[in-house]
Amino acid sequence: MTLWINGDWITGQGERRRKTNPVSAEILWQGNDANAAQVAEACQAARAAFPRWTREPFAARQAIVEKFAALLEAHKAELTEVIARETGKPRWEAETEVTAMINKIAISIKAYHARTGEQKSELVDGAATLRHRPHGVLAVFGPYNFPGHLPNGHIVPALLAGNTLIFKPSELTPWTGETVIKLWERAGLPAGVLNLVQGGRETGQALSSLDDLDGLLFTGSASTGYQLHRQLSGQPEKILALEMGGNNPLIIEDVANIDAAVHLTLQSAFITAGQRCTCARRLLVKQGAQGDAFLARLVDVAGRLQPGRWDDDPQPFIGGLISAQAAQHVMEAWRQREALGGRTLLAPRKVKEGTSLLTPGIIELTGVADVPDEEVFGPLLNVWRYAHFDEAIRLANNTRFGLSCGLVSTDRAQFEQLLLEARAGIVNWNKPLTGAASTAPFGGVGASGNHRPSAWYAADYCAWPMASLESPELTLPATLSPGLDFSRREAV
């Protein structure tokens, strides 16, 4: 029984699904997808639970969310292992994901009050009050790269705001989704407030096409995000928050500390085996001897990175990709760029055929035409050389995406120029592209999102504002508008 609908664990009636470890092929989870009828049942349960949940005092909703945080802390080791085994990422990184989930609770509570709490301004004849109301029933689509943390970033603020939810994890990480939902169950969520439906494309389409949804919160690829945007077009009454991918540039100017620049680049491009939406995909390096030295050192150090199993000791910097198919896709993208005329600086290599272990690849594409503007979700870094900083910014903006952008430079004026001219939601200076502050919004423009950033701003798309002018007494104004006559006429 792998679906949780209206407080009950039930068996899916759709396609049979099996999840294996992407490196060892060990079977981790088996179950059946939710069919369309079960997806509709989950929506009905959420709709029925909404009136009571939204009328609960905020303190009551907060107490359940904080109980969930305590359960995450108590089961940190267990959830860490589930995430690591299911995604293939090393244990150390999976542990940081669970820590981020725990920290998200307090941050979301603060963000609720700061962004969508109640504010009152006293007027001479009453008060002006701003309140926020939940949308109702929301669908949450989770990704596979951070199967605990990223859905958590939608679920927690949505529940705090008073919404009820249907959660569909990625079909590649059903075990993590189920494990997290069991902690919510233990936290005491009332039946129907949060429902779990497992499945792939058919389940997702059944969920997103429900007429009774009030909105959809999505983290994933641009292609799926665009499909959802088209599907919900003509329905302005539904909130749609899309957090999609990026083809992110990292600009390397002349720097004295080459090793520090190489370290920042490795953290930007290859952490999580390149499976972060903010990962650097395009490396823009200034022409000249210093740029040459930087690239040589980058190839040297990156060439020593050896992906390993989630539980290897000592721990590797990177583990496997989410699947052997994902690793193959990266290899095909590299070969495609070679065929276009790219010059391989570091060839990616499958560590073991049939597994998702893949070493990093680096390819130079300066002057190469028709390079696809796409997000290759894995450890493949494309390099361009530039002559001057204006050209670097032009190259950086030469993408339909707009998630993250970074600069490695000691020149503050260059960063100020980048802030003015970069088209990206995240612009970092001498910091990895993959670093983000939880007290700031997280999201992008263009093909990276629809102007609904998450993290600190997630509260914004989980509730709508309600403005009120109010007074406890009804009085006739001392001064009336022109043309109004309230004089008493004597009866004839």
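Using N, Cα and C of the backbone, Cβ positions are placed for all residues, glycine too.
The feature active site is assigned by Swiss-Prot to Glu243 (among others). Around Glu243 (active site), a 10 Å sphere centred on its CB holds 28 further CB atoms from the protein chains shown.
Non-local contacts of Cys277 (active site) by the CB criterion (under 8 A, 6+ apart in sequence, same chain) comprise Asn145, Glu243, Met244, Gly245, Gly246, Glu375, Leu403, Ser448. The active site annotation in Swiss-Prot covers Cys277 (among others) and rests on sequence analysis.
The Cβ of Gly220 (NAD(+) binding site) lies under 8 Å from the Cβ of Phe141, Pro143, Ser170, Glu243, Met244, Gly245, each on the same chain and at least six residues away in sequence. Taken from Swiss-Prot, the feature NAD(+) binding site covers Gly220, Ser221, Ala222, Ser223, Thr224, Gly225.
In this structure, the binding-site residues under consideration are Ser221, Ser223, Thr224, and the one with the smallest number of other Cβ atoms within 10 Å of its Cβ is Ser223. For Gly225 (NAD(+) binding site), the same-chain residues that are 6 or more apart in sequence and have a Cβ closer than 8 Å to its Cβ are Phe218, Leu242, Glu243, Met244, Gly449, Asn450.
For the recorded NAD(+) site, residues Gly220, Ser221, Ala222, Ser223, Thr224, Gly225 set the reference point as the centre of their Cβ atoms, and the other residues of that chain within 8 Å of it by Cβ are Phe218, Tyr226, Gln227, Leu228, Met244, Gly245.
Under the DSSP three-state reduction, Gly220 (NAD(+) binding site) is assigned to coil, being neither helix nor strand. Taking the Cβ of Ala222 (NAD(+) binding site) as reference, residues of its chain lying under 8 Å away and at least six apart in sequence are, in sequence order, Met244, Gly245, Glu375, Phe401, Ala447, Ser448.
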